[in-house]
């Protein structure tokens, strides 16, 4: 994988300015934080729900995960799926709760280049981020059904959009650097 990763200084040199940042209100911040306190207690189950929904919407996405391609282990029993699902769900939630304090770029900065490179190498496209958004909102709804509301959906949707825009911008920068 290291050979496929773009020289980071080249990517930084061509990084396009990100789109205008959505406003992340105090109300949204509170809704996300309140629900995250509950969601993170069962991050593995919520992460499994998230990935189950991704693969329901886009069954071909399984091919992007080396640990699923040739596995005969049932999805929900696969220890690699469990670990990855928990990691992705925790990273997304932990980043979302920090948005009000730091902004999307600062929240992701330390992980952004590696995260983008992983997605570039897997062949992820911008439109696939919408599938992930639908799946993460589904997992949150399943994880906190008593709190779920249009306002909570909007708060998490805005948080996801802000984070996804930063990842996509870095992916574009890395792809541009690789072709120049």
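Just so you know, glycine gets a Cβ as well, placed from its N, Cα and C.
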Range annotated as motif 'Homodimerization' in Swiss-Prot, from 46-50, 51-55, 56-60, 61-65: 56-60
Feature motif 'Homodimerization' in Swiss-Prot, mapped to one of the ranges 100-112, 113-125, 126-138: 126-138
Site co-member for heme b according to Swiss-Prot, given 80, 84, 114, 118, 119, out of 66, 149: 66
Intrachain neighbours beyond the motif 'Homodimerization' (126-138), with Cβ under 8 angstroms and 6 or more residues off its ends: 49-51, 53-54, 57-58, 61, 92, 153, 156-157, 160-161, 164, 167-168
Residue among binding-site residues 80, 84, 119 with least C-beta crowding, 10 angstrom cut-off: 80
Neighbour count (Cβ, 10 Å) for residue 66 (heme b binding site): 10
DSSP residue counts for the motif 'Homodimerization' (126-138), split into helix, strand and coil: 11 helix, 0 strand, 2 coil
Rounded Cα-Cα span from residue 153 (site 'Homodimerization') to residue 118 (heme b binding site), Å: 27
Cα separation, residue 84 (heme b binding site) to residue 153 (site 'Homodimerization') (Å, whole number): 24
